[in-house]
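One structure is given below, encoded as structure tokens.
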Amino acid sequence: MSVRNNSAITPELIAHHGLKIDEYQRILELIGREPTFTELGIFSAMWNEHCSYKSSKKWLKTLPTKGKCVIQGPGENAGVVDIGNGQCVVFKMESHNHPSYIEPYQGAATGIGGILRDIFTMGARPVAAINALRFGSPDHPRTRHLVSGVVSGIGGYSNAFGVPTVGGEVNFDKRYNGNILVNAFAAGIAKIDSIFYSKAQGVGLPVVYLGAKTGRDGVGGATMASAEFDDAIDEKRPTVQVGDPFTEKCLLEACLELMALKAVIAIQDMGAAGLTSSSVEMGAKGNLGIELNLDKIPVREENMTAYEIMLSESQERMLMVLKPEMEKQAAAIFHKWGLDFSIIGKTTDDLRFRVLHQGKEVVNLPIKELGDEAPVYDRPWIAPSPKAILKAEEVKEIENFGDALLTLLNSADQSSRRWVYEQYDTFIQGNSLVRPGGDAGVIRVDNNDKHALAFSSDVTPRYCEADPYEGGKQAVAECWRNISATGATPLAATDNLNFGNPEKPEIMGQLVFAIKGIGEACKELDFPIVSGNVSLYNETNGESILPTPTIAGVGIIDDWLKVVTVGGMQDGDIIILVGPCGSHLGQSIYVRDILNIDTGTPPHVDLQLEKKNGQFVRDVINRGFIHAAHDISDGGLAIALAEMVIKSGKGIRAKLSNISPRHAELFGEDQGRYLIAIKPNALNSLKELSQTNMISLTELGTVEGDALDIKDTLSLSVSQLTQAYESWFPKFMGNST
């Protein structure tokens with residue numbers, strides 16, 4: 001927007017910047033005058049939902065954020081958790097939803113770039129990435145294009161940067177037709193005594209610009225991300241950033257090299273709202289002012305205005321407060337890596353955010369009110385209405401369970417994601433232990449003979465729509481369960497809360513109750529939230545997405561040689577169900593996709609049972625009793641058995657308990673359950689241990705033959721199951737199987 005800095009501020013201009021009239025009035029009272037055009041843009045960026053969390057902050061404060069291994073919780077670029085031996089894991093999940101819908105390749109690519117910068121800004125070398133993707137209905141005309149662009153963008157950036165993508169999720173629903181979700185997670189490893197923070201310290205110290213040059217790409221991106229879409233979506237294309245993974249790789253190496261010299265006082269990546277957000281956050285956290293001279297900014301386009309420079313979201317850039325005596329060494333390092341290094345300002349003691357451009361002062365604002373004292377709202381909310389219970393006995397049984405299982409395996413939500421993850425380099429760096437497609441990604445920890453880390457991300461949006469509180473609990477529980485199924489002890493989590501317009505009380509109610517559920521589960525499971533992101537206004541023409549509070553977590557494995565996978569079972573192993581037999585069909589994919597029923601409550605999450613069963617499974621893995629483990633979630637027992645058969649290439653002969661109706665036992669999505677493939681010689685020890693710990697076990701059958709054969713219920717060969725499972729995605733994307 002080419003508007004002069006002294007232009008009159010009109011109601012139209014205020015609305016264009018996403019500010020409410022009362023917010024603008026607050027600005028006038030705060031500064032005692034009309035803001036300049038650049039100042040208006042700065043307030044718009046810092047006070048929007050994306051940067052200030054003004055609608056969610058009250059509720060986010062209720063989440064558990066502390067734990068025995070937590071070094072740094074929310075409030076920094078990423079969370080930091082102790083993993084022993086003087087090392088820590090640094091991790092976070094963030095959304096890039098709106099940009100990825102507008103421009104899928106660059107939106108997804110820069111989402112990866114942004115989350116990687118959050119990690120190495122803290123002094124950690126990125127070692128793993130996962131992503132949680134939600135697309136519209138497969139038959140929507142834009143869906144295939146969006147899937148192709150997003151997956152290519154993620155692969156293009158992460159592969160070139162050199163970080164393995166070790167897992168993730170892909171789901172489809174018509175409620176994402178006009179607003180897809182791209183949630184990106186990254187983790188890095190650092191030394192505990194070498195963590196770097198964004199809090200500026202010291203007066204009169206140099207503020208340094210690092211990395212790539214500034215262009216006009218992404219101007220207004222943070223404000224765009226805090227508004228719902230309408231029919232003018234294509235006009236927002238210039239707000240999408242453009243990424244360069246090779247420059248980011250150089251930036252990583254330069255930053256880590258400089259950090260090793262102990263030259264860095266504070267550092268912040270330029271993400272949402274670019275230079276504005278990074279400088280304001282550094283100053284506000286340190287109770288310092290910041291003065292910038294925009295004439296010192298390296299730019300790649302001519303005649304850029306102060307507004308454009310301050311709000312550009314050009315990628316691969318950092319802001320740093322540097323020890324003055326290290327200036328020459330620091331400059332030499334960044335120039336060696338082909339990056340810009342420019343001293344663009346200084347810290348001050350007056351708590352003002354002052355910006356100079358072409359010899360004139362274009363910004364002079366109170367820095368605290370821009371940063372950590374931005375407006376916070378207690379928005380009205382309506383408690384979600386409870387759904388009627390769908391009893392399994394009231395659901396008519398179908399005639400052919402084998403056909404139903406094949407249909408689910410060949411569906412958009414349950415089919416193999418091989419087409420997706422084979423476009424990612426999952427083994428770069430050489431530490432990945434498990435191929436994507438299982439319960440969790442697992443990597444070895446460098447400089448440690450035995451330790452490994454496990455990663456998972458999870459949420460079931462249809463549960464959250466039916467009951468946000470129970471859905472929030474379930475998202476945490478399934479993430480915790482997936483990590484446990486590898487043998488890892490869950491340590492901590494990060495959240496990415498994706499919802500619609502919080503100004504609608506029913507949407508705000510979804511957010512409130514989901515956070516309550518997440519908080520309860522995290523407390524009970526000792527799984528604190530150490531970082532996260534909130535993405536609101538995920539609506540198009542007033543239609544909201546499904547509430548999608550994604551939870552990603554990290555676990556520690558003491559001996560990576562003991563890791564088990566979904567596909568590790570051996571002939572003769574005994575298949576055991578840990579937990580109760582299936583009985584709950586409400587909100588299951590079986591009733592949704594086979595019977596076209598979308599009613600009922602989601603399954604209740606018994607957190608005591610989750611904790612007890614998860615600890616038991618980790619214990620038997622550590623004792624070496626089992627060859628394989630799998631959590632039971634979407635699709636219930638039948639899908640879990642089929643996936644173990646497909647992943648191992650071996651058959652299972654089993655029988656049902658007949659405690660519940662057959663369709664409920666097969667497809668019920670009751671929580672807190674696992675399948676394990678136990679070594680025959682360990683069965684008696686397993687039973688003794690289960691009795692001691694009061695664990696419910698059901699012996700289902702044995703690993704034998706070349707089919708999944710459930711007595712008097714279904715019999716499907718490994719090849720039939722595999723063909724159904726592997727064929728949907730390539731066919732959808734136009735490739736032969």
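Residue numbers in this text run from 1 along the chain shown.
The backbone N, Cα and C atoms fix where each Cβ goes, and this holds for glycine too.
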Exercise. Determine which of G18, G123, G532 appears in Swiss-Prot for the same ATP site as Y53, K92, D495.
Key: G532
Quiz item: If Swiss-Prot says S95, H96, N97, H98, R117, Q241, E313, S314, Q315 bind substrate, which of S531, S535, S544, S583 does it name for the same site?
Solution: S535
Quiz item: Taking Cα atoms as reference points, which of the recorded positions H50, Y53, D118, D269 is nearest to N97 (substrate binding site)?
Solution: H50
Quiz item: Within 10 Å of K92 (ATP binding site) (Cα-Cα), which of the recorded positions H50, D118, D269, E313, Q315, N533?
Solution: D118, N533
Exercise. Translate the DSSP assignment of Q315 (substrate binding site) into the three-state scheme.
Key: coil
Quiz item: Should any of the recorded positions Y53, E94, H96, D495, G532, N533 have a Cα within 10 Å of the Cα of R117 (substrate binding site), which are they?
Solution: none
Quiz item: What other residues of the same chain, not counting Y53, K92, D495, G532, have a CB atom within 8 A of the CB centroid of the ATP site?
Solution: L60, P74, M93, E94, T494, N496, L497, I529, S531, N533, V534
Practice problem: To the nearest whole angstrom, state the Cα distance for the pair H96 (active site, proton acceptor) and Q315 (substrate binding site). | Solution: 14
Practice problem: Could you list the residues of the same chain, at least six apart in sequence, whose Cβ is under 8 A from the Cβ of G532 (ATP binding site)? | Solution: L60, P74, K92, M93, T494, D495, N496, L497
Exercise. Given the binding-site residues E94, D118, N533, state which is nearest to H50 (active site) when distance is taken between Cα atoms.
Key: N533
